[in-house]
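Encoded as structure tokens, the structure appears first; notes follow it.
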Amino acid sequence: MCQKDFSSSKILQNHELIHAGEKTFKCQICQKDFSSSSYLKQHQLIHTGEQPYKCDTCGKKLFHFSSLKQHLLVHTGEKPFKCQICQRGFSTSTYLKQHQLTHTNEKPFKCQ
């Protein structure tokens, strides 16, 4: 599937529901469907405005723990995602993927 790793079998089971397309948990505010109750709870923070994760270094508040972990790389300077062509490092896989397009001259976004 997507090759993601998880620290527990329960988290893996929740994640696998995404690939199965099962969405049995519905947001009562916007009617969006989710594959697990934990994904629904995370989503509901958007409606409440609650940002429970706070950076101890700069005080920035975030909706998701994964976003906090990603944000912390700003302060450490860590860039764990390396380009295999030029060895340049990036703090996110998204930035790496965007950079890799510079090596192929691919420009996938066109003005309509």
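A Cβ is built for glycine as well, from the same backbone N, Cα and C atoms used for every other residue.
Among the features that TrEMBL reports, domain 'C2H2-type' is placed at 1-24, 25-52, 53-80, 81-108.
Model confidence over the domain 'C2H2-type' (81-108) stands at 89, taken as the mean pLDDT rounded to a whole number. Counting only same-chain residues 6+ beyond the ends of the domain 'C2H2-type' (1-24), those with a CB under 8 A from a CB of the stretch are 33-36, 38-39.
The helix, strand and coil residue counts that DSSP assigns across the domain 'C2H2-type' (53-80) are 12 helix, 4 strand, 12 coil.
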